[in-house]
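As recorded in TrEMBL:
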type    : residues                                                              : note
BINDING : HIS76, GLY117, HIS118, ALA119, GLY149, SER150, ASN178, TYR293, GLU380 : thiamine diphosphate binding site
BINDING : ASP148, ASN178                                                        : Mg(2+) binding site
DOMAIN  : 329-493                                                               : domain 'Transketolase-like pyrimidine-binding'
Amino acid sequence: MSRYPLLDSVAAPQQIHHFSLVQMEQLAQEVRDFIIASVSETGGHFSSNLGTVELTVGLMHHFDFLVDRIVWDVGHQAYPFKILTGRKDRFSTLRKHNGLSGFLKREESPYDHFGAGHASTSISAALGMAKARDLTGQDYACVAVIGDGSMTAGMAFEGLNQAGFLETRKFMVILNDNDMSINPNVGSLQGYLNQMISGQYYNRWRDRIEHAIKTIPVASVSRRLAKAAKWSEESFKRIAVPGLLFEDLGFRYIGPVNGHDVAAVLRALREAKERMAEGPVLLHVQTQKGHGYDPAVKDPLKWHGVTAFDRESGEIIKPAPDPAKPAPPSYTAVFGNTLTELARRDEKIVGITAAMLDGTGLNLFQKAHPARCFDVGIAEQHAVTFAAGLACQGLRPVAAIYSTFLQRGFDQVLHDVCLQNLPVTFAMDRGGIVGADGPTHHGLYDLAYLRCMPNLILMAPKDENELRRMLFTAIYSNRPAALRYPRGNALGVPLEDPVTALPIGKGELLREGRDLLLVAVGTLVASATALAERLAGEGLDCAVINARFIKPLDEQLIGQWARHTRAVVALEEGCAPGGFTGAIAEFLADQGIARPLLRCAVPDHIVHHGDHARLLDEEGLSPRALYDRVKAFAAELRP
Ligand SMILES: Cc1ncc(C[n+]2csc(CCOP(=O)(O)OP(=O)(O)O)c2C)c(N)n1
Ligand SMILES: CC(=O)[C@@H](O)[C@H](O)COP(=O)(O)O
Ligand SMILES: [Mg+2]
């Protein structure tokens, strides 16, 4: 017999419209059990999904999302939705190559109305859908589900601002408030939400007061009395719930409601559905990350995203350590420790993260230098300009932002930092292909989008020792500077102590040769070196340069060896259009160095999700693929 009898009987989500309360409670329990069992085998985002189970069941009861539109912010909390919209049987393929995405994807299901992965886009997208509906005379409800962390972004408020102003009907924002981002949520907004939770008695009284005011016979109400009644309501509101922000923005605020009480969720959604006919609604749902699985409730940060685990003990399954070969540290840890160490000697160093304290390794820095560490929330744009302000006053800010999330701050990097030549360091973790998170999270575009920035120094280390040196170089360059490094473990090379600066704009000749020049940056330097050794055994003599700097490029060194060899191979784990290999192509053309060029980079297409090594191979960047490509390229060269 199935462990999930009711869930397995749901052939289409529309069946849930007819479920009783008892059935929905059972369904919620089965969905939760299924998530725990399934993610314990595949890994994936976990604690956020255990928080949205009852809310999702309630939404499926009240709406038909083949007709109505729902936009899940980020999408990392939408596993219950995916399971209930026909994807349960494919859940074992989650985040695997050719398997289900960990987020929502329009091409994956007709229920996925909007794709995401980055935070705080849901309100804008759902509002666009609502306005398209109004303009085209269609009829469907639009729902955005956004977490308290994602609500800290300016973009979320840009959406609220417009939605309230337009008095958008059949439009609802559900604020899924679990008092957590990945790390504990930060900022005064969270304090405000907590205040709303403690001030909820107002909402119980509001309807009665409003009713009383409305039932005063109109004929008997003088204009002054009506005004006074309205004034009393407003005053009462403000005393009971100071600053009803969402109401003031034009939303009907409902809540807070206990997001794990199915009956309460259903009641609140029913009310919200009615109110939506009049104008925009904000439904405030209080949930708990990890709900129903004790280890995750106790440590929601650790359980935000996990690898496979033992469901009984809550132990994360890790490969047994090899005592003969200890695992190297992650690039993230090397960054966090180096920054902490440098900051011990220099009190001008400050660290900034946009809601990725542990992810970026800045938690290590925070422990040692709490007053100099700023988590600004999911607000990359603000983080960059905030760093610019700190730099203006003589501090040395280091903004640690994943490569993919710094895309949000493009204009701020240009307008606020580079044009003013301010000494801000950007430490971009997760450069290159990240693996299971997929297209929204690959850090493939950074070298291209930063290479055009005036004044900026742009670097990528070949190993963790070079990362340390690049960080040091960046901080003391007195210019805007950025370094990008990959997710995962470093190479295990010894770390020089004390750390020293690199000469700016100087590459490193790793091998001399006369046939080909292999010029690489970042993760592909090790591959280029190994490839040159292999090819040497086959009679092909390759010079290898570790470029270190994408900008300024070491034109002297690269030019010299390009002229000395017959052809050039440029390598990077980044996008080909505009990236490092593009810089090499431009340089050769500009200098009139007429050498055939093979560009080994990610072509102009989307890289899907899956295992890093496999994706790298598909992009022609694995050691095997590079060998084949370079051999074929060399074979085409004139003798
Ligand atoms: C622009 C952007 N910055 C950072 C992230 C990384 N990130 C993913 S989920 C998350 C926390 C979101 O918190 P919340 O919206 O409250 O959702 P919860 O996990 O609490 O359910 C963060 C910071 C992101 N996805 N997008
Ligand atoms: C949803 C999201 O954006 C994060 O949770 C992301 O998945 C974290 O990725 P890392 O595991 O690389 O920190
Ligand atoms: Mg949250």
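Glycine too: its Cβ is placed from the backbone N, Cα and C atoms.
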Per-residue Cβ crowding (10 Å cut-off), top of binding-site residues ASP148, GLU380
GLU380
How far is it from GLU380 (thiamine diphosphate binding site) to ASP148 (Mg(2+) binding site), counting Cα to Cα, in Å?
16
Whole number in angstrom, please: the longest C-alpha to C-alpha distance across HIS76, GLY117, HIS118, ALA119, GLY149, SER150, ASN178, TYR293, GLU380 for thiamine diphosphate.
32
Report the nearest neighbour of ASP148 (Mg(2+) binding site) in space among the binding-site residues HIS76, HIS118, ASN178, comparing Cα positions.
ASN178
Candidates HIS76, HIS118 (binding-site residues); min other-Cβ count within 10 Å returns HIS118
Using a Cβ cut-off of under 6 Å to any atom of ligand 3, determine which of the binding-site residues HIS76, HIS118, ASP148, GLY149, ASN178 qualify.
ASP148, GLY149, ASN178
Looking only at the domain 'Transketolase-like pyrimidine-binding' (329-493), report the model's average pLDDT.
98
Can you tell me which of these binding-site residues sit near ligand 2, meaning the Cβ is under 6 Å from at least one of its atoms: HIS76, ASN178, GLU380?
HIS76
Other Cβ atoms within 10 Å is the metric here; tell me which of the binding-site residues GLY149, ASN178 scores highest.
GLY149
